[in-house]
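Asker: Got a structure for you, questions after.
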Amino acid sequence: MCGIVGYVGAQSALDVVLAGLKRLEYRGYDSAGVAVLADGGLATAKKAGKLVNLDKELSARPLPAGGTGIGHTRWATHGGPTDVNAHPHLDGAGRVAVVHNGIIENFAALRAELAERGHELVSETDTEVVAHLLAESFSSCADLAEAMRLVCRRLEGAFTLVAVHADEPDVVVGARRNSPLVVGVGEGEAFLASDVAAFIAHTRAAVELGQDQVVELRRDRITVTGFDGRPADGDVRAYHVDWDASAAEKDGHDYFMLKEIAEQPKAVADTLLGRIDAAGSLRLDEVRISASELREMDKVVIVACGTAFHAGLIAKYAIEHWTRVPCEVELASEFRYRDPILDPRTLVVAISQSGETMDTLMALRHAREQGAKVLAICNTNGSTIPRESDAVLYTHAGPEVAVASTKAFLTQLVACYLVALYLGQVRGTQWGDEIQAVVRDLSRIAGAVERVLHTMQPVRQLARTLAQKDTVLFLGRHVGYPVALEGALKLKELAYMHAEGFAAGELKHGPIALIEEDLPVVVVVPSPRGRSVLHDKIVSNIQEIRARGARTIVIAEEGDEAVAPYADHLIRVPVTPTLLQPLVATVPLQVFACELATARGNEVDQPRNLAKSVTVE
Ligand code: M6R
């Protein structure tokens with residue numbers, strides 16, 4: 001949440017910062033602002049609304065050129081999205097500028113204290129107190145990094161801060177507690193950002209800051225200390241970003257979401273790559289939890305939010321079926337507040353695309369405090385969740401920019417299947433040949449996803465005809481139930497329509513009262529093979545809702561003729577084993593939501609009120 005960029009070097013800081021903000025706008029888009037050090041002073045511009053408003057402001061009132069600057073794109077927490085509340089925030093004299101991601105929980109007390117000392121604050125934000133405190137501390141130590149350390153020791157909550165001071169024109173200082181902050185190391189220049197996407201066009205050499213650290217950036221030197229001032233040499237991680245700037249471009253697509261949907265076959269294949277050996281056995285050496293420890297586990301608990309939570313719900317079916325170990329799935333935001341029963345024999349799996357979701361982070365910390373082992377499934381190298389976990393299995397979706405998660409979801413599913421099969425392998429609950437059969441199916445699945453993508457034109461046409469509807473319901477059974485939840489979530493966040501996902505068997509316990517004439521109901525139908533009881537039951541459910549006037553949109557596998565007579569619209573997906581069906585059945589729902597959002601004139605990549613990475617609880 002909130003995107004931050006800082007730059008010091010020989011280029012125009014304003015150009016670098018604005019380009020970086022464009023790449024981070026997915027993190028928040030309520031308002032944006034920049035500050036540049038030039039001509040011995042500080043020049044700022046900020047505007048409510050998207051970056052384009054800031055661009056217009058800068059065209060009307062250009063800032064002087066300078067080589068040191070910071071910028072921010074905001075997802076509002078304290079104070080509405082107005083020009084005044086936009087970042088950067090300044091001290092009273094206009095010598096310090098600060099941008100912030102996170103929440104300063106004790107800001108009210110700090111604000112009252114500042115007011116007593118005669119400071120006048122102009123915004124409603126929690127951030128502005130930091131600018132004033134930094135100015136006070138700087139006036140006594142004349143060192144911005146030291147001032148930042150002094151201030152950070154007084155702050156409570158989660159925050160990333162980046163600041164400049166007019167009296168230190170070649171310095172940018174950043175601080176991090178919980179929220180992300182990465183350094184980019186260039187030749188005679190340096191960058192700070194919430195995400196490497198902001199500076200990847202300039203350098204792929206990155207340094208990830210640890211908890212409670214302050215970094216001072218100069219053109220030729222980067223110095224990292226703890227909040228206590230001690231050098232942090234052993235506790236920073238330098239790494240090479242293994243994707244290039246083009247991975248964060250739209251690449252000819254109208255939206256990042258469309259590009260990311262199209263990238264799913266590759267993302268799935270990349271996530272499988274190198275994890276299955278020539279003999280068809282799973283090789284998850286990177287999961288640094290020993291086989292003997294995994295054999296000891298008597299429970300798996302999955303914690304995640306939103307789309308990642310839906311991946312967890314599907315994982316439960318796979319884990320329990322392939323390993324016979326009980327598995328619970330919990331919304332991360334609820335987890336620690338219900339006093340969950342955890343011990344060293346519990347394997348907690350934390351699923352997160354961004355690796356920064358605060359609810360998930362807090363859940364995993366709670367789990368580790370109770371002695372559980374935590375395995376992260378994550379898409380973002382070096383982010384906080386994998387850093388704080390006992391082990392990590394990275395998904396290889398590449399950068400996901402659209403707020404609505406698509407390729408990350410499919411790769412989370414693949415990673416969950418791998419974990420489930422691996423557990424089955426080390427615990428001996430699955431025979432080698434059974435695992436190999438599933439692995440064979442998995443290795444063909446990228447091709448099946450590709451085939452789905454080639455058949456999406458009727459789904460788009462159908463979506464456009466539903467643009468004026470108010471409600472769409474989604475039904476599924478077994479793994480089709482979380483798919484239904486995911487379809488409904490996509491529609492809510494993109495099309496701003498009322499959408500609900502239900503287990504089809506629950507319909508008769510209440511939700512069937514919602515069915516009325518021509519109400520669109522999407523039904524995810526399980527394979528008629530193997531678990532045909534489920535198939536037969538859902539065909540009955542479809543008939544029940546049709547009898548009450550629903551318009552049925554049925555997702556069924558190729559060759560399932562039994563369901564065809566009851567489908568007003570039939571969307572075919574390739575034949576897959578039941579547990580793997582979500583990998584193909586979700587794709588039409590993504591396309592459906594994207595097309596409906598477009599038809600309703602909504603912002604596809606940046607839906608209202610949302611942000612990609614949710615770093616507040
Ligand atoms: O980065 P994470 O996977 O932890 O994010 C979790 C959710 O915030 C995320 O999946 C959200 O629900 C998506 N916008 C849904 O498309």
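Quick reminder: no glycine exception, Cβ is built from N, Cα and C everywhere.
In TrEMBL, annotation is done automatically, which means it is predicted and not curated.
Okay, so TrEMBL annotates it like this:
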- C2: active site, nucleophile (ACT_SITE)
- K612: active site, for Fru-6P isomerization activity (ACT_SITE)
- 2-220: domain 'Glutamine amidotransferase type-2' (DOMAIN)
- 290-429: domain 'SIS' (DOMAIN)
- 462-607: domain 'SIS' (DOMAIN)
Asker: Counting only residues 6+ away in sequence within the same chain, which have a CB under 8 Å from the CB of K612 (active site, for Fru-6P isomerization activity)?
Answerer: Y26, R27, S354, E400, V401, A402, V403
Asker: DSSP-wise, what's the residue breakdown of the domain 'SIS' (462-607) into helix, strand and coil?
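Answerer: Its residues divide into 70 helix, 29 strand, 47 coil.
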Asker: Taking the Cβ of the residue listed as 'active site, nucleophile' as the reference point, list residues of the same chain whose Cβ is under 8 angstroms away and which are at least six residues distant in sequence.
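Answerer: Same-chain residues close to the residue listed as 'active site, nucleophile' (Cβ under 8 Å, separated by 6 or more) are R27, G28, H72, T73, R74, W75, H87, V99, H100, N101, G102, S194, A611, T615.
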